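Enquirer: Okay, here's the structure, questions in a sec.
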């Protein structure tokens, strides 16, 4: 597999085999050192409590802000995953064990999990489910729970891009479903 880097001498784009420690430019003979690969961050998913969008975030995050509806979702680990067949299209759905219902991403039908449930299976990598807090509009009589306190250290914002499965629009064309979110990690 090949990678690319910009020559530090003449600014040309150089191609080189992945894993090479340095690259010699054929034009200016400058040797450009290849930086070490970026550390791989473990990622997890949760469904936004405000708009039901699938969000991806780094595993060490305490909260995840949805870029679609600005809901701050609290992250809590879930150790078991259960399965249920969609009540409409019969697709097998995965959900955190103990959830009262699950919405099918294909047909949008909401299935109660108390029926047709397969026993939970231990998750090989813990996934996360989020609870959320939305600030009510000013002047509203909505009684929301108080927000949780923020971490004491300065969090670092990380932009996260999630590419969901493609769908077909009314004209029969494939549509990409990409969501961009911001997560606050430690």
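Backbone N, Cα and C atoms are what each Cβ position is placed from, and that goes for glycine too.
Feature list, courtesy of Swiss-Prot:
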{"type": "COMPBIAS", "residues": "133-143", "note": "compositional bias 'Polar residues'"}
{"type": "REGION", "residues": "4-34", "note": "region 'Putative zinc finger 1'"}
{"type": "REGION", "residues": "45-75", "note": "region 'Putative zinc finger 2'"}
{"type": "REGION", "residues": "83-113", "note": "region 'Putative zinc finger 3'"}
{"type": "REGION", "residues": "120-157", "note": "region 'Disordered'"}
Enquirer: Can you tell me how the residues of the region 'Putative zinc finger 3' (83-113) break down into helix, strand and coil by DSSP?
Expert: 0 helix, 14 strand, 17 coil
Enquirer: How does the region 'Putative zinc finger 1' (4-34) divide up by DSSP, counting helix, then strand, then coil residues?
Expert: 0 helix, 14 strand, 17 coil
Enquirer: Could you give me three numbers for the region 'Putative zinc finger 2' (45-75), the DSSP helix, strand and coil residue counts?
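Expert: Counting residues per DSSP class in the region 'Putative zinc finger 2' (45-75), I get 0 helix, 15 strand, 16 coil.
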